[in-house]
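Colleague: This is the feature table in TrEMBL:
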- B:SER159: active site, nucleophile (ACT_SITE)
- B:ASP324: active site (ACT_SITE)
- B:HIS357: active site (ACT_SITE)
- B:ARG229, B:ASP358: substrate binding site (BINDING)
- B:49-363: domain 'AB hydrolase-1' (DOMAIN)
2 protein chains.
Amino acid sequence: MTTHVAPFPQVDHQRALFAEGMRLECGVTIAPVAVAYRTYGRLNAARSNAILICHALTGDQYVAERHPLTGRAGWWESIVGPGKPLDTDRYFLICANVLGGCMGSTGPREEMTDPAGRPLGRPWGTDFPNVTIRDMVGAQKMLVDHLGIPRLLAVVGGSMGGMQVLEWAATYPDAVFAAAPIATAAYHSAQNIAFHEVGRAAIHADPDWKGGRYWEDGRVPAQGLSVARMVAHITYLSEQALTRKFGRRLRGAAALTFLEDVFEVESYLRHQGSTFVRRFDANSYLTITRAMDYFDLAAEHEGDLAAAFRGTATRFFVASFSSDWLFPTSESRAIVRALNAAAANVSFVEIASDKGHDAFLLEEPEFHRALGGFLAGAADRVGA
Amino acid sequence: MTTHVAPFPQVDHQRALFAEGMRLECGVTIAPVAVAYRTYGRLNAARSNAILICHALTGDQYVAERHPLTGRAGWWESIVGPGKPLDTDRYFLICANVLGGCMGSTGPREEMTDPAGRPLGRPWGTDFPNVTIRDMVGAQKMLVDHLGIPRLLAVVGGSMGGMQVLEWAATYPDAVFAAAPIATAAYHSAQNIAFHEVGRAAIHADPDWKGGRYWEDGRVPAQGLSVARMVAHITYLSEQALTRKFGRRLRGAAALTFLEDVFEVESYLRHQGSTFVRRFDANSYLTITRAMDYFDLAAEHEGDLAAAFRGTATRFFVASFSSDWLFPTSESRAIVRALNAAAANVSFVEIASDKGHDAFLLEEPEFHRALGGFLAGAADRVGA
C-alpha cells in the first residue's frame, strides 16, 4: 500500500491493518483495510478513559499536533490538550482518519487491492466503493477493538463527526458510555446535499479530473476542488462572521478600483481553495460528501429516529450553535426529541455564537465548559 | 452590431441605438450604446402611465411574453398582464435588457467598437468595461428619454432590479413618481459577494473559458457557467422550499442505490445549470455579478444612505420575504430606516413566505395585492 498520488508527499502515517477487511453497506468487501490514527494521553489500567474523536468532512487524525502536510496546528487544539475540556492528562484520546479519507486510511488515494487482497499497482481512484457513515464507524470499531478497549468513555465529534457519534451510539450502544454529537444532524438536508452537489459538479468539470483517473499523469483537478472548497467554506461561516471578518473591505484600495478580486472576502476564499488542494484528494472529497448525503439515521430504523436509541444506556450531550445555518439548532432539537422519545439520558445546549458552523472548532468558552463538564461527569461516574 | 457568439441563435431584438454612447463610472466611454427593450400596454396621451421594470441578474426584457430563446413564458407573467398588479390595461410597461447583458443591449456578447464608434469585427468579450448599477440605470434613462417620457409613474424591480430602483430614485428623483424596490438591499453583503466569487471561479476554471476569448472557437464555458448557476440557484431558494420540493427523495428508486445523482435535488440543480448555459453568456455573467458586488448606495453618498434620498418627493414601497436569506428582511429594514431618516414617503411590508428569494417571481397573493394597491394608488394620484 505505498502507491500515492502526486502531488501529495509520502507520509508515514501510524496505521492499523486489518487483513480480513470489511464488507461495506453497498455489498462490496475490501481487504485489507488500513485505519490511520493518532492517540493522545495514556490509556489507564482499567481501559476506562478512552475517548474517540470523530473528524469532519475535511478533517483528519491530526487533532492536537502539527499537521504533517500543512505544518499547521492540529484542527482541535482549542479544546484538546492538558487541562483542556478534552484533557490529555486524564483521557486517552483516539482519532482515526475516516474510511474513504486521504490521510492513510483505506480510500481512493491508497493502492487498490483485488478481492483476495492482492495489491494492483494503482490507486483505487473512482473504483473505490461507496462508503457510508456506518462503514466509517465500522472501521473505527475494528480499531477500538484492536486497541483492546471494550467500552469507550465517550465518542465526540462535530458536523460529519457528529453523524459518526450518532451512528456509534445507535450501532454499538454497549461500547459507548457517553456520546457528544455536536453541530450535526440525523440526516443530510436537501440544502446540504445541494451544496455538496455544486462542489462535485465543479470537480467533475475540471479537465484535470479525467473521469477520476487524474493520478495517471500526476495531476490533480485543483481548480475544481478549489471551487468545491470555496462554496463549502461559505456554508461553514455565518453571514455575521463574514461581515465582521471582511464586510465590503477592499484589498489594498480605499475606493473601488474595478480590479479583479477587489474585495477581501474574495481573496480569502481563493486562498482557502488553493491551500485545500495541497492537502486533500478530490476522489476522497467525492466519496466523503456522498457518505454524508446518504446519511439518514431514521431511515436505517424504518423511519423512526427514536428506534435508533431505544433502550440505550448511553448518556448524550447534544450541542448546537445559534448562527449555524448548515446544521441549524432545529436539527439538533430533532435529535433531542428522538432521544427523549427513547427515554435516553440527554442534555442539550444551544450556544449563542455568531461564528456559524465553524464555531465548534473555535474558541467558544461556554461550549468548552459545557462539553468539558459533561465528559468529566461521565469520567467520574465510571471512575476514570 | 451583428456579430454574435455561438451557440446563441441570432435574435432580432427591439433596440434603441444611442450614437453618442455613454461615459461609464469606470471612466471609459462606449459608443454607440444599444438598449434592447420590450413594452407592454399603451402609453396614455399625458405620458403619465409608464412603469419601468428592472430585471434581476439573469433576467431580461422578455417580461410577459414567450422568451425568444427558451420558448418559455415571460419571467414575471405571474404579476404582469391584463388585470394583474402590473396591469397592462392601465399602465405602459417598459423593460430594458441591462447594459452588460446578453439579450441585445450593449455588452460582452455584442460587437466591440473603437472609441470613435467603429465596429471592430469581434465581440467585446472581456474587453467590455466594468459597469455599475448606476451605469445600467443611466442607459435606461436614455431609453426613457428616447420614448418621450418625462417622468415615470413608477420604477419596479426585485433583487438586482431593486438595486436599480434605488439607484433611479437616488439619481433621477424628479423622473420617478413612485419606486418599488423588492427583495433587495442598498449594498451587496460579504456573503453575497462570496457566492458570486464561487460562480466566477467556476467559470474561470473551465478550460473552454480561454481567458474570456471562448467566442474565438465557437465554444462556451458551459460547465463553469452551469456550476455558477447551480450555486446561485441554491441561494434563491429557502431551505424549506428545497425540503418541500425534494427533501431526500431519490430519483427512480425507493431505497438508496449508491448511484450518482441519486437525489432528486441533484438532478434538478444539474438541469438548472445545463439549461441556463443555452440562454446566458459567461462574460455577461461575470460583468453583471461584478456590478452587483460593486453596488453600495451609501458609499455613493459619503457613507450616508439617507443622503441618497434627502428631499425626495418619490413615494416608496419596500417589500421583503420572510424566508429570503440572500436579501434578508434586515436589509430592507435598513433601506426603510434611511428613507425615514430622509423624511421620505415609504411603506414597508415583509411578506410571510417559505419560498426564499425567488418568492418575488412566484405566486404570492399578499405581495401582489400590496404592490398592485401601491401602484394603483400612485396612478390615481397622478390621474393616470
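Using the three backbone atoms N, Cα and C, a Cβ is placed for every residue, glycine included.
Values in this document were obtained by computation on a predicted structure and should not be read as measured data.
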Colleague: Check each of B:SER159, B:ARG229, B:ASP324, B:ASP358 (the recorded positions) against chain A and write down, in sequence order, those whose C-beta lies under 8 A from a C-beta there; write 'none' if there are none.
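Modeller: Filtering B:SER159, B:ARG229, B:ASP324, B:ASP358 for a Cβ under 8 Å from chain A leaves none.
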Colleague: Of all the recorded positions given, B:ASP324, B:ASP358, which residue's CB has the most CB neighbours within 10 A?
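Modeller: Top count of Cβ atoms within 10 Å goes to B:ASP324.
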Colleague: Hey, which of the recorded positions B:ARG229, B:HIS357 is the loneliest by Cβ count within 10 Å?
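Modeller: B:ARG229, out of the recorded positions B:ARG229, B:HIS357, has the fewest neighbouring Cβ atoms within 10 Å.
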Colleague: Tally every other Cβ atom lying within 10 Å of the Cβ atom of B:SER159 (active site, nucleophile).
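Modeller: The answer is 27 other Cβ atoms.
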Colleague: Relative to the Cα of B:HIS357 (active site), which of the recorded positions B:SER159, B:ARG229, B:ASP324 have a Cα no more than 10 Å away?
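Modeller: Hits: B:SER159, B:ASP324.
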Colleague: How many Å lie between the Cα of B:SER159 (active site, nucleophile) and the Cα of B:ASP358 (substrate binding site)?
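Modeller: B:SER159 (active site, nucleophile) and B:ASP358 (substrate binding site) have their Cα atoms 9 Å apart.
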Colleague: Can you see whether DSSP assigns B:ARG229 (substrate binding site) to helix, strand or coil?
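Modeller: B:ARG229 (substrate binding site) sits in a helix per DSSP.
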Colleague: For B:ASP324 (active site) and B:ASP358 (substrate binding site), determine the Cα separation and express it in whole Å.
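Modeller: Computed Cα spacing between B:ASP324 (active site) and B:ASP358 (substrate binding site) is 8 Å.
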Colleague: Kindly assign B:SER159 (active site, nucleophile) to one of the three DSSP-derived states: helix, strand or coil.
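Modeller: Looking at the DSSP assignment, B:SER159 (active site, nucleophile) belongs to neither helix nor strand, so coil.
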